[in-house]
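Visitor: Shown below is the structure under consideration.
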Amino acid sequence: MLCGRWRRCRRPPEEPPVAAQVAAQVAAPVALPSPPTPSDGGTKRPGLRALKKMGLTEDEDVRAMLRGSRLRKIRSRTWHKERLYRLQEDGLSVWFQRRIPRAPSQHIFFVQHIEAVREGHQSEGLRRFGGAFAPARCLTIAFKGRRKNLDLAAPTAEEAQRWVRGLTKLRARLDAMSQRERLDHWIHSYLHRADSNQDSKMSFKEIKSLLRMVNVDMNDMYAYLLFKECDHSNNDRLEGAEIEEFLRRLLKRPELEEIFHQYSGEDRVLSAPELLEFLEDQGEEGATLARAQQLIQTYELNETAKQHELMTLDGFMMYLLSPEGAALDNTHTCVFQDMNQPLAHYFISSSHNTYLTDSQIGGPSSTEAYVRAFAQGCRCVELDCWEGPGGEPVIYHGHTLTSKILFRDVVQAVRDHAFTLSPYPVILSLENHCGLEQQAAMARHLCTILGDMLVTQALDSPNPEELPSPEQLKGRVLVKGKKLPAARSEDGRALSDREEEEEDDEEEEEEVEAAAQRRLAKQISPELSALAVYCHATRLRTLHPAPNAPQPCQVSSLSERKAKKLIREAGNSFVRHNARQLTRVYPLGLRMNSANYSPQEMWNSGCQLVALNFQTPGYEMDLNAGRFLVNGQCGYVLKPACLRQPDSTFDPEYPGPPRTTLSIQVLTAQQLPKLNAEKPHSIVDPLVRIEIHGVPADCARQETDYVLNNGFNPRWGQTLQFQLRAPELALVRFVVEDYDATSPNDFVGQFTLPLSSLKQGYRHIHLLSKDGASLSPATLFIQIRIQRS
């Protein structure tokens, strides 16, 4: 037996009289895709079978993309290069070619890696360098992760529109695909590539090439034996049904078959009562017979079985591969938390040095960095403001070689993109190094560009001693900045040393700052001060304010070093402070390469605005993405009750005894990506590591053994167990690596989620890349048990 069953003894439920007949009819698995044969008229273009399954072969925009277009790639005012762009027949990728005499180079980008397709001059690059091309002829392809935007100009407006519409349709179709459809599409793509002479037949050499492409290092003798067993025509070529049979054997999931047969018995189909028993053993909330019947109607592929409320092995697999069968609780993927509590009661997704796309020494600044941050659910962005020419403030990392962008352009990007993913409020964290005149210009730009989005006065509230809620501030923009004291001179200069507010105390990290700039930063424009309604940037002087003088609008900014010191020395007091008002934590200025710190320690103490360098991928950003994966990815996650109570006794350094046992049996993986596509014989040796990130006493990591030369369907069957003291704060990170005995392991994929959103039972983990992009159809298959004391 593959793994221990945690089921009760049962009596086989009565089945409908037709069950045996239906079982016999549906026992044969649903057909897998295979290259078209001459009978279906597809020999000349076998790859189009994939687009046909997407229902797009007759779409005029897609057909135009298949023919290809000569588009101009725009990088600067003088760099406009023509490229041939053509959609590949798999519908998954776009091929483009440079026009270099004698040595044309070819490149590919994948549709699933596209974040957005914009028409017109809707990117920083086209606004700056696309003036020679009419907006109607221009488009921008924005990618996920760190890849730069692709700014293009078409020969005509109609051709540009075809690419905008075509890519939009392809993205929508890919997003709507079930896991089974993704797998079918993935197979089509590799079959098309492995069929070197495009004759819709597969020689043994082509089969070996296919196996290497999909990350399988199969023994030649075994591969040839399998090949010959499927070669019923005995002509050393597989075609049609023979290829289908080979793929079915390759894709066989014995571990799923075993689980299925535990519940279906000899009938080879699940009745609705049997499926209900499986759901109950899984620990599914709301498991009823009606729910089991609904799942059959949703995921069963065979119409005969569906009519008789029966589920075949294929339908069972489709259910387990669906979002409802995933480890992440599907009900947590929409906004499900109370959004009517004060802002201080939420973790808020926050970015540091948002304007940078690379390091903070010489990297470029870009408004596109803000667009990307908002696309990742960020709700608090940083604007590092300095004196600019012509009376216009600029944003860059001061006293470095980073490039500069206009403050007003960033505000416009906020207006256009801040609420495309989430309706909840955005906080603009101003690091202000400007004089009074340009501060007034900043205030003017904020008011005129943002208009009614900008919060300029306090809302009517039944409890003025608390911050407003995310629900009350939907669609609004808050400014975090210095606030003038009540008594001041008209020019904004009457600030005593005692009353002077600290902005981000980043000035202490920047010893190179000129004295003149420091003097400018101490002056506060009345116009800009008036906009800091709910987020007054203030030096943290005490964790014990007077009980009769609550100041919920004060926001303290701390370096990671100062925050860690407070956590160690005054853990519970810091927790209570963060239950009342906002705290922002930012990386040390010494992180010149824009590296990140682990945000978990700050979340443990209730810090809301834990700012990270979004431009730098790594486990720290994986944790951030995992924390904000739930609640509709809206950028706000309600803190646990122990971090919201003003009289909380919780201390992250002393969380108490273990309260939860987490057991995860790592069973198998499927279709892991190939790390080095340029080396056909390079196959991964995968291992799985599970990490717990929480309070210090809960942090742990364990890993499986590695499996030699199999990234296609490796098997482990190993159980990893963890004891947790504060499960409500814990994140679980699943990591797959390629084992290397002589050097650090290579990253393959990961997925991170809160323990509170982890479902029990047999589940799939859908892996993500370093940049957070889907690696579909790559998955882990695991069994999860959570025991709470």
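From the backbone N, Cα and C atoms, a Cβ is placed for every residue, glycine too.
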Visitor: For the region 'Substrate binding' entry in Swiss-Prot, name the matching range from 73-101, 102-130, 276-304.
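Guide: Going through 73-101, 102-130, 276-304 one by one, Swiss-Prot flags 73-101 as region 'Substrate binding'.
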Visitor: Given that Swiss-Prot assigns N353, E382, D384 to the Ca(2+) 3 site, pick the one from E309, E324, E368, E431 that the record assigns to that site as well.
Guide: E431
Visitor: To which residue among S196, S200, S496 does Swiss-Prot attach the annotation phosphoserine?
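Guide: Going through S196, S200, S496 one by one, Swiss-Prot annotates S496 as phosphoserine.
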Visitor: Among the residues S359, S365, S573, S682, which does Swiss-Prot list with the feature phosphoserine?
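Guide: So the answer, going by Swiss-Prot, is S573.
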Visitor: From R444, R584, R591, grab the residue that Swiss-Prot records in the same substrate site as K480, K482, S557.
Guide: R584
Visitor: Looking at the Ca(2+) 4 binding annotation from Swiss-Prot, with I683, D685 already listed, which candidate in N676, N709 is the matching residue?
Guide: N709
Visitor: Sequence gap of 6 or more, C-beta under 8 Å: which same-chain residues meet both conditions with respect to E206 (Ca(2+) 1 binding site)?
Guide: A194, D195, S196
Visitor: Treating G and I as helix alongside H, and B as strand alongside E, what does DSSP give for the domain 'PI-PLC Y-box' (528-644) in helix, strand and coil?
Guide: 42 helix, 20 strand, 55 coil
Visitor: For I683 (Ca(2+) 4 binding site) and D199 (Ca(2+) 1 binding site), what Cα-Cα distance in Å is obtained after rounding to a whole number?
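Guide: Their Cα atoms are separated by 27 Å.
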Visitor: C-alpha of E382 (Ca(2+) 3 binding site) to C-alpha of K201 (Ca(2+) 1 binding site): distance in Å?
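Guide: Distance between the two Cα atoms comes out at 57 Å.
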Visitor: Within the domain 'PI-PLC X-box' (337-482), how many residues are helix, strand or coil going by DSSP?
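Guide: Each residue of the domain 'PI-PLC X-box' (337-482) counted once, the result is 44 helix, 31 strand, 71 coil.
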Visitor: Of the listed stretches 182-217, 218-253, 337-482, which one has the most C-beta pairs under 8 A with the domain 'PH' (63-172)?
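Guide: Ranking 182-217, 218-253, 337-482 by Cβ pairs under 8 Å to the domain 'PH' (63-172) puts 337-482 first.
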Visitor: Using K201 (Ca(2+) 1 binding site) as the reference point, find which of the binding-site residues D384, E431, D685 has the shortest Cα-to-Cα distance to it.
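Guide: Its closest listed neighbour, by Cα, is D685.
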Visitor: Name them in sequence order: residues not among D195, N197, D199, K201, E206 whose Cβ is within 8 Å of the mean position of the Cβ atoms defining the Ca(2+) 1 site.
Guide: S196, Q198, S200, M202, S203, R237
